[in-house]
Amino acid sequence: MLTANFPWLSAIILLPLLASFLIPVIPDKEGKTVRWFALGVGLADFILMCYVFLQKYDLSNPNLQLVEKIDWVPQIGLSWAVSVDGISAPLVLLAGLVTTLSILAAWQVDRKPRLFYFLMLLLYAAQIGVFVAQDLLLFFLMWEIELIPVYLLVSIWGGQKRRYAATKFLLYTAAASIFILVAGLAMALYGGGAMTFDMAELGFKDYPLALELVLYAGLLIAFGVKLAIFPLHTWLPDAHGEASAPVSMILAGVLLKMGGYGLIRLNMGLLPDAHIYFAPILAILGVVNIIYGAFASFGQQNMKRRLAYSSVSHMGFVLLGIASFTDVGISGAMLQMLSHGLIAAVLFFLAGVTYDRTHTLALNEMGGIAQAMPKVFALFTAGAMASLALPGMSGFASEITVFIGVTSSDVYSQTFRVVTVFLASVGLILTPIYLLSMLRQVFYGDGSSCDITNILPNKSNEQAVCFGTSCVLPHESEYSDAKPREIFIAVSFLALIVAIGFYPQLATRIYDVKTVAVNSEVRQAYTEIAATRQNIYAETQPDVSAKVASIFQ
């Protein structure tokens, strides 16, 4: 554990937080100044975190680094305890990149710009707080704070059903997060002594197996909602379908990853014994997510809802990796979170770019867009190839790593591994089907046989641009392809996707030392339980069905 000489992590959190409260007092009538201010703050914070991790972070150290701990409210055991390790560091960088580029993507926001950028910076700070908090109560507070800006960003700047989608998101996530608070209180109070929510100290406690199972189940619900695990996923398509593109970039690129992070940090890290019993369930849920998400995505005729269900499918690989009991599998789960964060962000951004021109997300109303927007077509195609795990893209590296982790696991029976990999492969086959069909519906064809729809008043039909079955009138008198700002955002994501695809160690070297340490603790717990609970583990390699059934005994 390395204590920081300077509060670097606090600075990374407080910079966007304090800057957000300056926005209301900045003199600006048209919102142009606050736009540049928010972008400058986001970029400065991202540069700061890059400097900290390049100069102050030791990649070879699996322990917590840059540790800061101050007794904040000692009466209830709350402390300002923040630090990073291999699990949190890459996700902090992901949050910084995605949020900064989403601010740039929101450049045309002209409705209540002060409030919009205030909420974006507040969300920026809360995201970082979730990933660096090492006090469970502080983690819960950051988790809750993050809900407020997301709710407002969706409900104010969303589509026609924005209030319904925002309320559904809030109810799902707020209700589920209660389990985090309950689990924290139970662990803090167990064993007597001074109350503490410090995760390191909570990890040293020896909880009864029955208590661990209950706490694990509660945390699984809380993180399962955020990770969009079936059947807790239904808020996600609605939220993405109604949220603006910059908000969808953060929802898919960062917020989903909080669920996976929580499973690794708390469920595996603090409750390794319970993880032994729940791991097969996670593997089964992962397969269900992969297949269900793929089928559901193919059935969507709204572009953003199709991408949302594809996220449900891709998060199934995170569950498989976490459940694998192998170093390679957990590494693949981390790589999948990072890869999907980049891929989902660029796809939702390009969906927003397309909507800005066509004013529709209905796939059956599009067609032939490639002729009018060749640059967007090229960028969208590259993003789709990454999502369907084309070799040379980060999606391929992450998913093949998860498969290797599952197949090489010595915990599950051969039958279980073969069936799991086979069913997950079905999802891989379905992925190009729903993505390539979306590309065909949106970009291919000539768009010649269309009915003109005057969606803007006082405009001539001669200014219409035709797509598929309808023609629309863009905001500008002349139709335009992707602009330099939009190209820069998309290329920034795609460059990283390709770089990680060709050289995965760009990402894996950040966290592999830590994921090996986490898996080592789980493997040790597995060995101890297998030696003492012969009624559950018939042999060194346990029977999975008995393992799952034991949970309900």
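Including glycine, each Cβ sits where the backbone N, Cα and C put it.
Record features (Swiss-Prot):
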TRANSMEM  6-26  transmembrane segment
TRANSMEM  34-54  transmembrane segment
TRANSMEM  87-107  transmembrane segment
TRANSMEM  136-156  transmembrane segment
TRANSMEM  169-189  transmembrane segment
TRANSMEM  210-230  transmembrane segment
TRANSMEM  244-264  transmembrane segment
TRANSMEM  276-296  transmembrane segment
TRANSMEM  312-332  transmembrane segment
TRANSMEM  376-396  transmembrane segment
TRANSMEM  418-438  transmembrane segment
TRANSMEM  487-507  transmembrane segment
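Away from its own ends, the transmembrane segment (418-438) comes close to residues 283, 286-287, 290-291, 293-295, 297-298, 303, 306, 310, 313, 316-317, 320, 363, 384, 387-389, 399, 403, 406-407, 412 of its chain (Cβ-Cβ under 8 Å, at least six residues beyond either end). Counted over residue pairs separated by six or more positions, the transmembrane segment (87-107) shares fewer than 3 Cβ pairs under 8 angstroms with the transmembrane segment (376-396), which leaves the two as not touching.
Listed as Cβ neighbours of the transmembrane segment (169-189) (distance under 8 Å, sequence separation of 6 or more from its ends, same chain) are residues 77, 136-137, 139-140, 143-144, 147, 150-151, 154, 195-197, 202, 205, 207, 211, 215, 218-219, 221-222, 224-226, 232, 234-235, 238-239, 262, 266, 270.
Put simply, of 244-264, 276-296, 376-396, the stretch with the most CB pairs closer than 8 A to the transmembrane segment (210-230) is 244-264.
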